[in-house]
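Here is the structure we will look at.
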């Protein structure tokens, strides 16, 4: 029981609200009255005063008249605030003969989106005089008619109403006829001619009368028609209609030519007096345009289109007359039935074409009116919009509807809407009209730029050109206009103390990252950048993304040979190998590194050239130089090898080193043999030199030939003189040469002199090795006294006569153990015995002696040399040298492809003296001290 009671209370509440809204609507209607036929601009009423507004505020408040496409009868005067006539107001044209004529219009207050209804009653004035359809009318009357017979007269029409309408008729005075006016049920007055006295055709065949119609206006208006009464022979029967009134209902829009009905009248007379014809009687022009009457058959057909919206009812007067002229009257009442032939009309009265996406729900977008000219259910209209749109419709006053925002708009999802408003009536079949409203959603900056990737990785090869494009970074902003204009920038970081902006830059508009300098992989391998994308909205929004820039290594570094180090003076090192070495004996090891990485740092070693092919081999990956076969007696003492070190880059880079290997089992043999070794001549260099000499000679001989011919005689004499001077002066001193160490390694340096004794007829030379002068001596004078020369000539031995100058055979200290030899052989047992020196100082002394002898044999242009940190010797000599231990190249040397470093096998030297080295312990100690 409680539920129905609660439901009834809700119903009562809604009924009260509805009745209250009706009261409000009625309270907002304004009524005016105005007479018709006023001049244009005539004041109808003070609208501003009735609205409670100042006259000048109508335009500001957006007050205007809205209509549904009909002719505007009224207008607003924005200055006075009055409602005035916009043109001629014709009551008869608007309302025909309706007793009350009103014009309805709506006033729109745009600032409040409110509709105000105004009803203007148009008061009739006497502006139309009564008129007859025909100015003349002939009535045929039988002369035998009895007094009292009535004859219908033509009716007059007056478009005015009320007092101004037709009030009565008057007939001109005569002796035979009088006027009687009858009033029908519809209030229309019908004049009739009444025969008062008998007629005599032979006395007067035609009677002329004047019928006057007048209205009740002030002043009175009237109209006249001439009535001609023609007397005929007797026709005592008039036609008679089968029905006093004919009723028919037809649907509008019947096809033209459709027969509506057939009227029928009969006349009992015979002959011409009984022949009946039909015609319309006193019809308006509009009816004559819609209907057609067949005068012989009485068929009424549709002549024009029937439109219920123009008129739903037609009253047509018809008459039938026989041959002599007797007439009968009847009515045809045509009711036009409405069909759903008019689609609803939608008139947009207020529209917002653009709206911000942040607008709140309930915001009014448009106000429109819906009208259907049909009636009944055919005129009931419902409006709808698609369900998927964020809008809704709301009905307001009368047939007005509002389009509102229902959900929050998002321009990034939909930037514009083409809203279809469908107005559908309830007819059968229903008709509909679609109206389109375009709405542009205005963007606000509510979206930050979004990068296409969560992070970026870019790669650039080193040695890139400055300004090279690295990567294009793209960020999308779904907003529009300035809100979508993205500006790119880099974070202000530093790299190795330098600002990031000195390394890379980014195009603020395109997001293309450029390199501002050439990168070096060996300097750094990667950069971490932070890219910011900022839009141009207010306030601006931004996003960041990380960028990892990796520098790719290129093969831009040539392999660097650590051992043997290439001397700066052009000499080559000397490696010592016993002639009794077995195949596979480790002679030395070429050690190289490459600053590049990866494949660019993979090194391979190859034997490029050898003075004795097949004698030595080089490890492809280790660089170890080993004997490929046993050494033979015919193998030369001095072997020259050219080893190339090549990386695996593209293109590959390489470096070469020249090794000189001295092959002997005994030190004296080395000294004796090196004296007679001539430096090999590089055939390729010789060929190049020959080509250069030939080219220079070919160019110069043309210019110098004549000079040479003139001077050849003097040159011969000068040459003879020089020979004589040389014979007289004795031995000439030659420039000193010196042994130097390279790459920061101080090797011992020995200075000596070459003296050549030449006479004009001598065929031999004497090599003299006088006592060397030391700046940093191997054995200082303070500690060891004066040393004997390594080699002396026979003449010098005779002069000095000192047996101490004779060379003693080497003792057992002059043995190299396998641990003291260059290369990785230090891993072998250091106690190996033999004829090689077994301490560092003896090795150095031996190398000095070997190199001195080799230099003399090469005529002062040695091809043997010692690189810094090697066991080799240099053939360049100077006045001073610094004595240090020859560094062991195996210490802290990186071998590509290996995790091992070369060990120092000379540790025994630091711990204790090797066996058999007693004669040299003091010297070694001196050297360490220095």
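Glycine is no exception: its Cβ is also placed from the backbone N, Cα and C atoms.
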Candidate set 544, 899, residue annotated N-linked glycosylation site in Swiss-Prot: 544
Stretch in 28-132, 133-241, 569-682 most in contact with the domain 'Cadherin 4' (347-451), if contact is a CB pair under 8 A: 28-132
Cα-to-Cα gap, residue 544 (N-linked glycosylation site) vs residue 418 (N-linked glycosylation site), nearest whole Å: 37
The one of 418, 544 whose CB sees the fewest other CB atoms within 10 Å, among these glycosylation sites: 418
Overall pLDDT of the domain 'Cadherin 6' (569-682), taken as the mean: 85
For the transmembrane segment (692-712), sequence-distant contacts whose Cβ falls under 8 Å of one of its Cβ atoms, 6 or more beyond its ends: none
Helix, strand and coil residues within the domain 'Cadherin 1' (28-132) as assigned by DSSP: 13 helix, 43 strand, 49 coil
Counts of helix, strand and coil residues, the domain 'Cadherin 6' (569-682), according to DSSP: 13 helix, 47 strand, 54 coil
